[in-house]
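To start, the structure itself, in structure tokens.
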Amino acid sequence: MDRSSLLQLIQEQQLDPDNTGFIGADTFTGLVHSHELPLDPAKLDMLVALAQSNERGQVCYQELVDLVSVTISSKRSSSFKHAIANGQRALPRDGLLDEPGLGVYKRFVRYVAYEILPREVDRHWYFYRHRSCPPPVFMASVTLAQIVVFLCYGARLNKWVLQTYHPEYMRSPLVYHPGHRARAWRFLTYMFMHVGLEQLGFNALLQLMIGVPLEMVHGLLRISLLYLAGVLAGSLTVSITDMRAPVVGGSGGVYALCSAHLANVVMNWAGMRCPYKLLRMVLALVCMSSEVGRAVWLRFSPPLPASGPQPSFMAHLAGAVVGVSMGLTILRSYEERLRDQCGWWVVLLAYGTFLLFAIFWNIFAYDLLGAHIPPPP
């Protein structure tokens with residue numbers, strides 16, 4: 001049944017005899033269900049709940065019937081977003097904030113909705129559709145693994161700060177070292193190693209405070225893809241721009257998450273309702289800049305003779321670029337299919353081109369340029 005057929009059905013059954021454009025919300029829902037229109041019932045219920053009703057409990061069916069010709073899958077189509085965004089009446093801005101009688105976990109879900117999502121319709125959608133299973137296991141697992149690895153190496157080296165100054169540190173099979181470029185796993189596994197307690201604490205805090213809410217809203221697949229893309233881009237960028245330096249730490253992935261979230265907040269500043277957003281934005285930028293400054297200082301500080309060059313800071317910058325490009329595309333496509341977004345394919349093409357260039361660079365450029373890299377430990 002298409003749009004015109006549904007309108008005709010409403011008129012034939014005299015559900016709107018005065019042609020006001022409104023019918024009862026319950027009547028509209030029952031009509032759609034009884035005629036087996038291709039709409040997900042749960043999403044239809046949410047749509048009706050979000051639609052602006054007047055004081056008589058009626059809904060403007062003219063704004064809703066456009067959806068009946070489109071089968072909506074697990075992700076919302078562009079027609080769904082268009083129908084909601086072009087509604088003539090605004091949604092109430094304080095609906096979720098005034099929701100009474102919520103448990104601790106539901107209050108946390110509400111907090112996440114207001115921290116991450118810029119539009120009220122998306123916040124309602126997430127709040128009522130959220131399920132606690134599966135939990136955000138990716139960021140929690142990565143953070144736990146990083147802490148365990150750090151504790152193991154800290155106990156082994158008896159050093160908890162500036163571990164890279166220890167001559168045994170670079171012998172780890174997890175660290176990216178330019179002399180071990182053929183061991184491809186190191187381009188990713190370096191994220192489990194950290195310079196010291198200060199870098200681990202900074203990364204773990206951001207992964208839990210920003211990464212976990214992002215994973216709750218956007219799902220494991222999207223956030224893990226963004227995080228690992230930042231990590232991989234970080235090591236490959238170092239292999240191109242700082243050819244003698246090793247890399248440790250998960251800062252590439254962390255900066256991909258943080259820069260994507262901050263860029264999304266800036267671009268949707270008026271819609272974001274997280275408290276003290278300006279102050280928190282300034283603090284986040286100061287902390288991220290300080291971490292980059294620390295990494296720059298460490299890179300150019302005098303190394304010990306046996307340790308060689310210190311880890312590069314370029315992974316931070318590469319992660320930020322991935323976040324602003326790929327990450328922003330992901331965060332702006334909440335509950336929409338990425339494959340339907342033209343910008344997503346442009347970002348994937350750019351990232352794939354970068355990967356191919358970096359692979360050929362690592363295979364041929366070091367020998368062609370005669371790069372003098374420190375001997376691998």
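Backbone N, Cα and C atoms are what each Cβ position is placed from, and that goes for glycine too.
Under the heading transmembrane segment, TrEMBL lists 137-156, 187-208, 220-240, 252-271, 278-300, 312-331, 343-364. The domain 'Peptidase S54 rhomboid' annotation in TrEMBL covers 183-332.
By the Cβ criterion (distance under 8 Å, sequence gap of 6 or more), the transmembrane segment (343-364) is counted as touching the transmembrane segment (220-240), at least 3 such pairs being found. With a threshold of 8 Å between CB atoms, the same-chain residues lying at least 6 positions outside the transmembrane segment (187-208) that come near it are 139-140, 142-143, 145-147, 149-150, 153-154, 160-164, 172-176, 228, 231-232, 235-236, 239, 246-254, 257-258, 287, 291, 294, 298, 311. Highest Cβ contact count with the transmembrane segment (312-331) among the listed stretches 137-156, 220-240, 252-271 falls to 252-271 (criterion: pairs under 8 Å). With a threshold of 8 Å between CB atoms, the same-chain residues lying at least 6 positions outside the transmembrane segment (252-271) that come near it are 116, 118-120, 142, 191, 203, 206-207, 210-211, 214, 223, 226-235, 277, 281, 284-285, 288, 315-324, 326-328, 330-332.
For the transmembrane segment (220-240), the residues of the chain that approach it from at least six positions outside its boundaries are 134, 136-139, 142, 176, 178, 181, 186-188, 190-191, 211, 214, 247, 250-257, 260, 312, 314-319, 321-323, 326-327, 330, 338, 351, 354-355, 358, 361-362, 365, judged by C-beta separation under 8 angstroms. Taken through DSSP, the domain 'Peptidase S54 rhomboid' (183-332) splits into 110 helix, 1 strand, 39 coil.
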